[in-house]
Amino acid sequence: MSPTTTTILMSSLATGTIITASSHHWLMAWIGLEMNTLAIIPMISKQHHPRATEAATKYFLTQAAASATILFSSTTNAWQTGTWDIINMTSPTANMLLTVALAMKLGLAPMHFWLPEVLQGSTIKTALIITTWQKLAPMTLIFMTSNTLPTTALLTMAMISTLLGGWAGLNQTQTRKIMAYSSIAHLGWMAAITTIMPNLLMLNLVLYLSMTTSMFYMLILLNSKNIKDMATSPTTSPTATTIAMLTLLSLGGLPPLTGFMPKWLIIEELTTQNFTTTATILALSALLSLFFYLRLSYSSTITLAPNTTTTKHKWRFKPTINTALLTTTLPTSLLMLPITPMIC
């Protein structure tokens, strides 16, 4: 892909997100979402491979259906209330349709089926964009409409997402699919707290973005596409492998790393608001997610004897990465837990 094309596509991604995040009219928000979708499609299918074409087609159909549902929801609300303002969603039918549409946009269970397959058919860099930047616009709409979204529906989706993200992640060997189910599980935690404490939703989103960005950059640096690649990485990059292990454990929510902070605060708030059943299910599902993170961490740090790796000359092909972004996201994803009393 030429630099000009890449620049146009990345600019369109940024513009679409900014339009959605800064708009107060549903039509403008819909336009921003469509710009995002149309900009990411060529990036997914640039490999000219059947798997990439399939992933681009699945992504386009899912996102188009979700955008159409958002437009239908906003039209229904405007028909009943006479306003197109995003913050004035007072129709229960429109709110339920909007919840389903945004869940489909994000990959929240049970509308999650497209996410693992799309990530597996994309490159690691494209998968990074899908799991981080592409979440910003729908999450902005969720944040702006959090006061009117149905709490029961979101809590139900949250429990399904966290359980499914944990169970399905146990059976995966491809790192991109593991990160996809990790994304589904983290989205479940965000959905659980959306209508109860939106500020905690934003904190969780920021930490999720930093941890996921760090982990994807580690995967790019180690050139690891599956667990077997992670197992051979200590012989080529021991320092990067150790950092990747800590980032994985942070994603799993293991104290005293950063990933424990949002889970702790969310469980505390759910218990305070008497959603004890939901808090219990989320806590148990976190154990499932932590198990496959531990398995991946163990496979990446197991001690190998010298010269036993079957991967030859892997060190010759280390890709270039954004070092500045990596040095920014790594401390955030590993060392933020001590500031929890300041947040509370």
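Any Cβ shown, glycine's included, is placed from N, Cα and C.
Per TrEMBL, domain 'NADH:quinone oxidoreductase/Mrp antiporter transmembrane' is recorded for 23-287.
Annotation source TrEMBL lists transmembrane segment at 94-115 (among others).
Look at TrEMBL and you will find 152-171 (among others) tagged as transmembrane segment.
Here the transmembrane segment (178-197) has long-range neighbours at 103, 106-109, 112, 115-116, 119-120, 127, 131, 135, 139, 142-143, 146-147, 149-151, 154-155, 157-162, 164-166, 168-169, 172, 204-205, 208, 212, 215-216, 219, 251, 262-263, 266, 269-270, 273, 275, 278, 282, 285, 289, 292-293, 296, meaning same-chain residues at least 6 beyond its ends whose C-beta is under 8 angstroms from one of its own. If you look up TrEMBL, you'll see 178-197 (among others) marked as transmembrane segment.
If you look up TrEMBL, you'll see 203-223 (among others) marked as transmembrane segment. Beyond its flanks by at least six residues, the transmembrane segment (203-223) meets 124-125, 127-128, 131-132, 135, 139, 175, 179, 182-183, 186, 189-190, 193, 229-230, 233, 236-237, 240-241, 243-244, 247-248, 250-251, 258-259, 261-262, 265-266, 314, 317-319, 321-322, 325-326, 329-330, 332-334, 336, 343 of its own chain at Cβ-Cβ distances under 8 Å.
TrEMBL lists 235-255 (among others) with the feature transmembrane segment.
What TrEMBL lists as transmembrane segment is 275-294 (among others).
Per TrEMBL, the feature domain 'NADH dehydrogenase subunit 2 C-terminal' maps to 290-343.
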Long-range Cβ contacts under 8 Å made by the transmembrane segment (94-115), restricted to residues 6 or more beyond its ends, are 33, 58-59, 62-63, 65-67, 69-70, 72-74, 76-77, 80, 130, 135, 137-139, 141-142, 145, 148-150, 153-154, 157, 160-161, 164-165, 180, 183-184, 187-188, 191
Mean pLDDT for the domain 'NADH dehydrogenase subunit 2 C-terminal' (290-343), as a whole number?
65
Go through the chain and flag residues at least 6 beyond the ends of the transmembrane segment (275-294) whose CB is under 8 A from any CB in it; none is fine as an answer.
155, 158-159, 162-163, 165-167, 169-170, 172, 178, 182, 185, 188-189, 192, 196, 248-249, 251-254, 263, 266-267
